[in-house]
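Copied from TrEMBL, the annotated features are:
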BINDING   LEU170, GLY174, HIS175, LEU176  (6S)-5,6,7,8-tetrahydrofolate binding site
DOMAIN    29-144  domain 'Serine hydroxymethyltransferase-like'
DOMAIN    162-435  domain 'Serine hydroxymethyltransferase-like'
MOD_RES   LYS282  N6-(pyridoxal phosphate)lysine
SITE      HIS281  site 'Plays an important role in substrate specificity'
Amino acid sequence: MTAARTTHSFDGAAASAAYRSALEVIGAVEPRVADAIGQELTDQRGSLKLIASENYASPAVLLTMGNWFSDKYAEGTAGHRFYAGCQNVDTVEALAAEHARELFGAPYAYVQPHSGIDANLVAFWAVLAQRVELPALQQAGARHVNDLTDADWATLRRALGDQRMLGMSLDAGGHLTHGFRPNISGKMFEQSSYGTDPATGLLDYAAVRARAREFRPLVLVAGYSAYPRRVDFAAMREIADEVGATLVVDMAHFAGLVAGKVLTGDFDPVPHAHIVTSTSHKSLRGPRGGFVLAQPEFADAVDRGCPMVLGGPLPHVMAAKAVAFAEARRPEFAGYAQAVADNAQGLAEGLTRRGARLVTGGTDNHLVLVDVTGFGLTGRQAESALLDAGIVTNRNAVPADANGAWYTSGIRLGTPALTSRGFGSGEFDRTAELIVDVLSATTPAATRDGGASQAKYVVAEGVAERTRAAAAELLAAHPLYPGLDLA
Ligand code: PLP
């Protein structure tokens, strides 16, 4: 029953014919690429994928990206292009934006960003354009960033160093684009972070408020890549309002749970944030890409994403966003989203019952963060040992991580992909058992001076093989794209 409400529904014979023909056409030019595409399907079918940011898009979404829309330049916005002949691009961009507005209940949607990073840059520039006071601009009576003169830009460049961004710290689960130094956002803004309560691992809203009062950011960023709990966006908006900040919520990871109405009320960012950014390819199960939702006062500035941050949009991907958003508006998607969250709780319970320590003690979204130091391992060792056993995860820092950002002390596990294959609570409990078996059977290798390696490890004999066989059994019972046959 779980499988029926979580997997894609599509015509297997039609999809098989489409892909076989496509591979024949591709193979006539470069057979090695056609072979790699086929092999990728085989590999994805054969791995227990627990990467929290990955999913499986439907054949309809995937097929929408492989066509002549890819060839079209369409800088500008629907009805206002800098290229001729964009009437069909106008159609798909307008459809994608309309579906996004309806799906999320947002007044405005911009679907051109090529990725989550682009979506954040568009949002941050929109805030700067809208909020930074430019005396010259105001005197000239200009109203828009496109009206800025060179002198205005010089003022803006000087002002940039003074602008501040407050986001979640990386080791508490924030993202690089939330003002951190290796990313351009960390050069545009002076950055400060809020973390989580050291005792519980949970967001402490009083501490966020205190930091915001002290730091006075222009932009308060909420959202995460590795925080396993809901965020109270109503509380974050209250804090933003109190200090005069603009609230930008990056829902890249949990957009599927918002679309599927698992996160509602105070936990739905859309009614509370000034601007919401997202990817379309994670829990939302669409094509690789980004989008921005905004309150009306920011719509105009967001609309200038191209040419401020972006070049030509990707019409084939905007078309696929329209298809994916249309899929997410179907009632079945709410069932899928609920199953993603239920399965994450099942996985968390299965791990905890078997002795694993979880950051925050559990989850109420789509991901679980395991502190693997309880097994005497670094995140790097746990990730590699699990991969040897056919379980694909990624290592991740935990709050105040003693092993640093490279080796880390944690692994992050997500349920969106396997839920798309039809995994339910029983399969996730078995997955928890396999994970704990492998981690319990793994020990750090000794270094030359007799210490414990942070990277090398030894897995007890036979455990990887046994786990691979058990994983294969689970996967065989829930095939990826059932009915899709390339042979
Ligand atoms: N924002 C968050 C919270 C993310 O987790 C990610 C990706 O992992 C991004 C933005 C960037 O998305 P993309 O890889 O599409 O640029």
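Using the three backbone atoms N, Cα and C, a Cβ is placed for every residue, glycine included.
As the structure is a computational prediction, the values presented were derived from the model and not from experiment.
Among the listed recorded positions, namely HIS175, LYS282, the Cβ with the most fellow Cβ atoms inside 10 Å is that of LYS282. Highlighted in sequence order, GLY167, MET168, SER169, GLY173, THR177, HIS178, PHE180, TYR224, SER225 have their Cβ within 8 Å of the centre of the Cβ atoms of LEU170, GLY174, HIS175, LEU176, the residues recorded for (6S)-5,6,7,8-tetrahydrofolate, and are not part of that set.
Taken in sequence order, the recorded positions GLY174, HIS175, LEU176, HIS281, LYS282 that lie near ligand 1, meaning a CB under 6 Å from one of its atoms, are HIS175. Across the structure, HIS175 ((6S)-5,6,7,8-tetrahydrofolate binding site) and HIS281 (site 'Plays an important role in substrate specificity') are spaced 16 Å apart at their Cα atoms. Looking only at the binding-site residues LEU170, LEU176, the densest Cβ neighbourhood within 10 Å occurs at LEU170. Per DSSP, the secondary structure of the domain 'Serine hydroxymethyltransferase-like' (29-144) breaks down as 65 helix, 9 strand, 42 coil.
Per-residue pLDDT, averaged across the domain 'Serine hydroxymethyltransferase-like' (162-435), gives 96.
Cβ neighbours of GLY174 ((6S)-5,6,7,8-tetrahydrofolate binding site) (same chain, under 8 Å, six or more residues apart in sequence): GLY167, MET168, PHE180, SER193, VAL221, GLY223, TYR224, SER225, TYR227. Of all the Cβ atoms in the protein chains shown, 25 others lie within 10 Å of the Cβ of HIS281 (site 'Plays an important role in substrate specificity'). Secondary structure at HIS281 (site 'Plays an important role in substrate specificity'), as computed by DSSP, is coil.
For the pair HIS281 (site 'Plays an important role in substrate specificity') and LEU176 ((6S)-5,6,7,8-tetrahydrofolate binding site), the C-alpha distance works out to 18 angstrom.
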